[in-house]
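Asks: Below: one structure in structure tokens.
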């Protein structure tokens with residue numbers, strides 16, 4: 001088998017090398033988009049992809065990407081009228097027009113921009129179900145739920161008309177049907193036809209009409225997916241007893257002690273998937289598997305990579321490597337450069353699903369003497385793809401074969417859940433929707449845009465505490481927070497919060513060493529800010545992972561039975577040379593910057609010594625008078641100069657990334673020079689950050705009621 005593969009590879013190389021006439025052909029890399037930027041997958045070479053990138057809340061028009069053709073030209077773009085155009089631009093999302101029967105909504109407008117709100121009311125004799133007021137969100141979708149005016153005594157309630165759609169069918173009795181059609185080039189996600197069931201519910205899932213390039217907000221994905229999968233897992237004992245008592249077949253996965261859950265994870269690594277897309281998918285899978293570990297169910301995993309070809313990374317038939325712990329060990333080792341060798345640029349989702357079916361067939365054969373146990377196995381398939389299937393044909397027939405093999409029509413929909421996560425900006429929504437499960441009151445299809453780390457320049461600890469630098473409140477009288485506010489979030493979505501109180505570390509004293517000739521002393525430069533009302537988390541406002549907590553132990557997957565704070569410190573900032581870290585540079589468009597914490601003895605000493613080159617410390621002879629062991633040092637380096645913080649970045653978090661999680665280890669405090677706007681930085685350009693491990697007792701004192709801390 002190996003010789004055959006080598007021969008095929010040599011043939012491929014020969015064919016490619018034979019096309020010498022294309023070797024020198026390139027496309028113009030200096031393409032622009034109004035209001036955005038571009039990325040190139042392989043420079044301007046033939047076959048490379050040009051992707052248009054727009055700011056959050058905008059979409060690319062008329063296309064999200066272009067391909068370099070063999071004639072040295074980028075693929076053509078056509079506008080809404082079918083005419084060829086050479087100009088691309090970023091356009092703001094708008095929400096589709098709502099609709100309601102036996103009622104009205106206002107204001108009525110041709111289009112609705114982000115932030116616009118509509119209100120609904122019903123005619124006399126009808127009651128309003130759903131949201132009375134809905135606001136247009138930044139991704140071009142309405143918040144809340146479809147407003148419906150209910151008034152009849154039909155078997156099923158009026159299913160309503162989702163925004164941007166039309167509905168045919170006005171009878172809602174048993175076996176009656178309604179059909180939906182999206183207007184104005186919107187894409188239907190969910191069921192386009194629903195039937196009124198004996199139970200008084202509608203079959204399938206509620207349809208929504210989405211802009212072709214719209215995406216799900218991360219909080220939407222988390223909310224809908226966790227709700228659906230929790231139904232799939234939770235309350236097993238209660239529902240098992242209920243089923244025995246009343247024959248109920250409600251939407252719950254009933255897993256007994258000896259029953260199993262088989263989860264198949266399919267990762268698209270085709271040429272259309274970028275490195276960022278792949279990393280986001282792996283991060284999501286890691287979080288998912290970590291979540292499943294919390295449930296007391298027997299789970300086996302299959303992990304499949306697919307492009308033009310399919311590769312089984314974890315075979316569900318191998319019990320010794322298919323459990324949660326094994327999967328969590330494999331995921332961090334997956335490298336984009338390694339897995340893309342299975343792609344050959346194509347996407348063969350049909351082949352990936354065929355691999356899943358083959359694993360199912362083998363599993364059933366292995367359990368031929370345990371057919372009752374096999375029939376009790378529940379199956380879930382998670383697919384991460386851009387949906388641009390260009391090899392192997394339409395994947396829906398293969399998904400239908402899986403359903404037939406599992407006899408879903410007879411055993412029930414609860415035995416199979418198919419979730420599809422669309423990656424990238426040009427996902428084929430229709431194709432993705434065709435293979436996902438359609439279940440009432442649930443969502444199984446999600447479209448994900450690259451999620452940047454929250455651009456909050458303070459760290460949210462829970463929903464009422466913010467961690468920052470004490471010197472940010474230097475001139476705030478103790479206890480006086482009247483008229484004081486703080487802003488969190490990205491520049492275009494800032495949230496203003498009223499401060500309840502500010503708690504500075506009791507040992508912080510900026511002028512504590514003036515008598516020694518030290519005008520500013522930043523030791524213990526840390527403060528907690530409590531806001532008056534609980535903060536609602538969003539795309540740009542997220543809670544932070546704090547070290548020395550139970551939750552962070554789970555995220556780090558520390559194996560000790562009783563992990564300690566010292567274990568976290570050894571894991572996150574080991575004293576071996578340097579440690580990769582990140583901080584958010586506010587003045588550079590809220591960019592996440594990479595730095596190195598100097599943790600080795602010689603590296604740390606050299607870094608700290610440069611503190612004396614700061615203008616305010618030129619007369620200080622002993623560096624320990626200004627840099628205590630409560631500081632972490634970054635910056636400098638002759639060979640590879642690091643970025644430094646700018647004026648205004650103080651109080652922001654210093655992060656370390658572990659297993660796709662960001663854990664705060666420090667707070668940006670002060671820097672030797674304020675030269676971040678310059679392209680050239682001197683070797684002594686250093687930054688100093690308060691080390692959270694050195695002030696953990698103080699954090700526990702104030703956050704102990706809301707955060708589960710570890711022992712020392």
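For all residues, glycine too, the Cβ spot is worked out from N, Cα and C.
Just so you know, TrEMBL annotations are computer predictions that nobody has curated.
What TrEMBL records for 1-18 is signal peptide. Here TrEMBL flags 25-92, 93-151, 154-211 as domain 'Sushi'. The disulfide bond annotation in TrEMBL covers 122-149, 182-209. Taken from TrEMBL, the feature domain 'VWFA' applies to 262-470.
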Asks: 10 Å Cβ neighbour count around residue 182 (disulfide bond)?
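Replies: The Cβ of residue 182 (disulfide bond) has 20 Cβ neighbours within 10 Å.
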Asks: At the level of the C-alpha atoms, what whole-angstrom distance separates residue 182 (disulfide bond) and residue 122 (disulfide bond)?
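Replies: Spelling it out, the Cα of residue 182 (disulfide bond) and the Cα of residue 122 (disulfide bond) are 24 Å apart.
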Asks: Below 8 Å Cβ to Cβ and six or more residues apart, same chain only. Which residues does that give for residue 149 (disulfide bond)?
Replies: 100, 101, 102, 103, 122, 123, 126, 127, 128, 129, 158
Asks: Among the disulfide-bonded residues 122, 209, which residue has its Cβ surrounded by the fewest other Cβ atoms within 10 Å?
Replies: 122
Asks: Using DSSP, tally how many residues of the domain 'Sushi' (25-92) sit in helix, strand and coil.
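Replies: Across the domain 'Sushi' (25-92), the residues distribute as 0 helix, 31 strand, 37 coil.
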